[in-house]
Amino acid sequence: MLRLNKTRLQLVNTVTNSSRYRLFTLRKQHLKQSTAKNRKIQKILVANRGEIAIRVFRAANELDIRTVAIYTEQDAQHMHRQKADEAYLVGRGLPPVAAYLNSSEIIDVAKQNNVDAIHPGYGFLSEHVDFAQACVDADIKFIGPSPSIINKMGNKTEARNTAIAAGVPVVPGSKDAISSYEEAYEFCEEHGFPVILKAAFGGGGRGMRVVTAADELPKLFETATSEAQTAFGNGSLFIEKYIEQPRHIEVQILGDLYNNVVHLYERDCSVQRRHQKIIEVAPAFNLDPDLRERLTSDAVRLCQYVNYENAGTVEFLIDKDQRHYFIEVNPRLQVEHTITEEITGVDIVQSQIRIAEGASLKDLDLTQEKILPRGSAIQCRLTTEDPALNFQPDIGRLEVFRLGEGMGIRIDSASGFAGAIISPHYDSLLAKVISYSTSYNQAIRKMLRSLSECRIRGVMTNISFLKNVLTHPQFNAGIIHTRFIDDNPELFKLARSQNRAQKLSKYFGHVMINGPSTLFATNLKAANINPVIPKSDCSEKSPKSGFRDILINHGPEAFARTVRENKGLLLTDTTMRDAHQSLLATRVRTCDLLRVAPFVASNLNKAFSVEMWGGATFDVCMRFLYECPWDRLIELRKEIPNIPFQMLLRGANTVGYTSYPDNLVYEFCKQAKSCGIDIFRVFDALNYVPNLQLGIDAAKQAGAIAEGAICYTGDVSDSSKIKYNLDYYMNVAEDLVKMGAHILCIKDMAGLLKPSSATLLIKSLRKEYPLIPIHVHTHDTAGAGVASMLAAADAGADIVDVAVDSMSGMTSQPSMGAVIAALRGHERLDTGFSMQDVHAYSDYWEQTRQLYGPFECTTTMKSGNSDVYDNEIPGGQYTNLQFQAFSLGLASQFGDIKRNYVLANKLLGDVIKVTPTSKIVGDLAQFMVQNNLTEDDVVNKADELSFPTSVVEFMQGHLGQPHGGFPEPLRSKIIKDRKKIDGRPGESMEPLNFEKIKSDLVAKYGDHIRDVDVLSYALYPKVFEEYQGFIEQFGPVTKLDTKFFFNGPKIGEMVIVELEKGKTLYLKVLAISDLLASGEREVFFEMNGQLRSVYIKDSSASENSDIRLKADKNNNGSIGAPMPGMVQSICVNEGDEVIQGDQLVILNAMKMETVVVSPVNGVISRITTNVGSTVSGDDLLLEIQEKL
């Protein structure tokens, strides 16, 4: 003993003060640990949650060590609890994060359950020296560095000073932690900007802010302090000079209890956002070998200097001149330790456990010369964040969770399983995906393959962003730095996940719980049938020739000559447009048109044209069927390439109900022609020549056939009707010919053209214009349609409109079969069509029509009606008026509506009635019925009546000038002091900026927006927005069979959906739950053999549900939550005055704070939330009475 004391005294006298401290610490640690060196750990508690807890459990299991989990009330369903041998609840009644920071309770749980070691994981208590000391005091091994090391190296200021003492280069920074703004300002004055603020007692990017100018310092200092206090329980900060565009390299080290330290090489962690790592690479790609040697040597030297034990990471910044600077030590296991394990083969977690048991690095066969890197590994942090919204965390329920596995892929996850709830209380990390291969670029390819296989539904993820990074040329070349994300905004051009299967399942759930997505017009049910598709007789790969070949090969003029020279009457088939508009409220879906399209191309190739587009079609496609009308046109054109497509163009109104700028009309025709329209039937509801001129010019400029249409009303054979007599029609025809129309058309919207009138009018036109083809359109409302078409043909018409038999008659067009049969064998007019083809075509539509029972006109209309000669109601409108009367409870008053339609027409000056003027007359008629007004009442009370908007705008002149002028004094009484429009309305309208519209739409909906979508928006802005919202919510409903689209499937019924060629979805609804407390029902599916479920809000129960108010986006004073999260603090009270920029509320989501500031000056009128409340995006937080 005397000799030992003498030796010790001699040693103390010969070492420096620093060495004396190191030797004393070393011997103290050695004496303490040597007593437990051979004591094997029997039971480990992991004081953490999620994937890191599971990672430690797995390492312990392989070492035959029993495992214990802790969990909070919020984590009762979490996977880490189930992976341990034992699991115990902690923090009952505490906030979620506070529960995992409750060190005394965790120690108590360990002692009560014979735990002899605690692993802290990362985050939470992993760097709390008090917790590590509490473990030691309780005689429980702390698997990590000793408390003294955590105190020295976990404190950034202490670590920095130690690095300086050890001769490791550092970035200029504060010597000690700072706690006041004044201290930070003094440092900035000395060293200049930029600087970086860091939490002194924790990492992970929390409490970290870059300050570039003095005016930013106060606010950023406050938020960094607050965030550090929340995350680590201590708001102290460290400040240092900010190195711009550095590379962030960290060295993994292991130290035993005997002052032996080795490095496991480095990781490149430069790809970061908000100072949090996203992608890590090991080893660092394209790192200079000499620099690697300096980094690893400095890391080992620093750790040896402090007698570092267990696992840790020494972090450096590399500037542009390849100089390295120490920044910190993380005295714990790192999130990205996985990739080091992959390239070295060292199980770092097991090494931690063995070192805690007393094993030396040599015992573990971990000597530096034996540790060699092999290949390359990449880790991607898959998070529940939306990169498009500045990585805003998302919360919710994981509806689908499937990750890409396979060779070279490792996945560390815990939160990921279908049904898991992602809460706002913890980090947004969902899974760590690790790829390994022989080279860096091979590892990238494996990672891309894995991410492409991932299917995560229910919450937003950063997968698309990760893929953008992995495919970026700079990343592939290894040219990255900590500003890489900020300097490459193209990374945020994200490919949207289609998520088709899950969206369609939500659609089915919605329909089955809340009813059809489109309002049914009748109580008739859709038939549960699958229509038989007629067989085509065309066996060749290319379709039979048709009239479109002439147009394509020779142009519009030659096409018109060919039509005029043709022997036999030509037919236009309206089945795909006007027929179902008149009989089925325009509700026929694209899928039912496409099924029969090949038959039409093959067997009806002699047709002059197929009518398949018009205003109502365009509108209803988006508004009620949730289809894109342009896609309908494009898809049908692919199936019917040989027959001209024809559409209705409402002159200056295109396919809308008002006037538009001229450039919109021209652009619409250009796009319609490029998508497949060949013939534009240009008409104007008032036969207003300037509007017709615009439409014809636009059609011709697009390279299409301009068919100038004259809207027919009245009766040219009745000499007592003088307003719309033969001279009137001949004058309009003359104007159309002068405009350059290729074809003349008589458009009889109501079926008023009697056989005698047809003969008179067509003969007159043929005599005057012998070289121009004449086309006649009518409706069969009175039942005389076939007779009128035969009379028109006999009088010289070249083309007539017909509908296939099962879709003809009443308010539709005359029967195709009847016209063909009547002219069979006729020397001059035989159509050349096969009756067998007509029958097969008709059979298909007879079955298909039954799918549309909810819109079947025969529910209210049992036959045609000759009163149309009196009321002059157009065919399609006749049906719609009946439906409207039915839905408004006015079915018994339909006769009154028709009589008032006559009076309304008279009051408006006897206008030509076709969309949109027919709607105006109908609106006024319904207005009169609902308000019990007579003709005299309307005139005498016009000053005090609130007329329908359509009537007012018509009287202002929004549609143009009617033949004979406006009725006075009614016009003046209705429009009062409103502006009158003289001349063509669109002439004075500003051109639309299509590029600006497209840019706005892309920003709102994504890169899938096309030029045709811009036109849809320009024509129907509100309808287009609702359509886009529906598709975003419910997916490609166009892929569903019609019976399923309207009614959804029955329980247990299999639905087969072909999403695209080679991708088929098999879906079956298994059950629907009772109403839940949230006002939702859970719908269970079997999808491609896997069980899935979705929650659907039951609209009938919403009034009893606890539904949060949403902010009014049109009201600047309605303040909503910018992201999901928890209300951390409310900075104002009701009645407080605020100015623009004042802090209102602070939200915390996944440890990220967001300050909600006032956008206006005003007074707080209402606060609708509380501190601690969990809110979703756009939930109303408070309201401000704005001061203007």
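Placed from the backbone N, Cα and C atoms, the Cβ positions cover glycine too.
TrEMBL annotations: computationally assigned, not manually curated.
Annotated ATP binding site per TrEMBL: Lys156, Glu240, His275, in sequence order. Residues annotated as domain 'ATP-grasp' in TrEMBL: 160-357. What TrEMBL lists as active site is Arg332. Positions annotated as domain 'Pyruvate carboxyltransferase' by TrEMBL: 569-839. Sequence annotations record features per position, and here TrEMBL assigns Mn(2+) binding site to Asp578, Lys747, His777, His779. If you look up TrEMBL, you'll see Arg650, Thr915 marked as substrate binding site. Annotated N6-carboxylysine per TrEMBL: Lys747, in sequence order. According to TrEMBL, the feature domain 'Lipoyl-binding' maps to 1116-1185. Residues or ranges marked as N6-biotinyllysine in TrEMBL: Lys1151.
Taking the Cα of Lys747 (Mn(2+) binding site) as the reference point, the closest of the recorded positions Lys156, Glu240, Arg332, Arg650 is Arg650. Neighbour density around each Cβ, counted as other Cβ atoms within 10 Å, peaks among the binding-site residues His275, Arg650, Lys747, His779 at His779. A C-beta separation below 8 Å, combined with a sequence spacing of at least six in one chain, links Arg332 (active site) to Pro120, Gly121, Tyr122, Ser126, Glu127, Gly144, Pro145, Ala311, Gly312. Helix, strand and coil content of the domain 'Lipoyl-binding' (1116-1185), in residues and according to DSSP, is 0 helix, 39 strand, 31 coil. Long-range C-beta contacts of Thr915 (substrate binding site), restricted to its own chain and to partners at least six residues apart, with a cutoff below 8 Å, comprise Gly615, Ala616, Arg650, Tyr657, Ala685, Pro874, Gly876, Gln877. Within 8 Å of the centroid of the Cβ atoms of Lys156, Glu240, His275, where the record puts ATP, the same chain has further Cβ atoms from Gly173, Ile196, Leu197, Lys198, Met208, Phe238, Ile239, Ile327, Glu328. Neighbour counts were taken at the CB atom with a 10 A radius for the binding-site residues Glu240, Asp578; the maximum falls on Asp578. His777 (Mn(2+) binding site) sits 69 Å from His275 (ATP binding site), taking the C-alpha atoms as the reference points. In this entry, Lys156, Glu240, His275 make up the residues listed for ATP, with the farthest two CA atoms of the set 16 Å from each other.
Note on the domain 'Lipoyl-binding' (1116-1185): mean pLDDT across this stretch is 86. Neighbour density for Lys156 (ATP binding site): within 10 A of its CB lie 26 other CB atoms from the protein chains shown.
On a Cα basis, Asp578 (Mn(2+) binding site) lies 61 Å away from His275 (ATP binding site). For the recorded Mn(2+) site, residues Asp578, Lys747, His777, His779 set the reference point as the centre of their Cβ atoms, and the other residues of that chain within 8 Å of it by Cβ are Thr574, Asp748, Met749, Thr778, Asp801, Gln813, Gly875.
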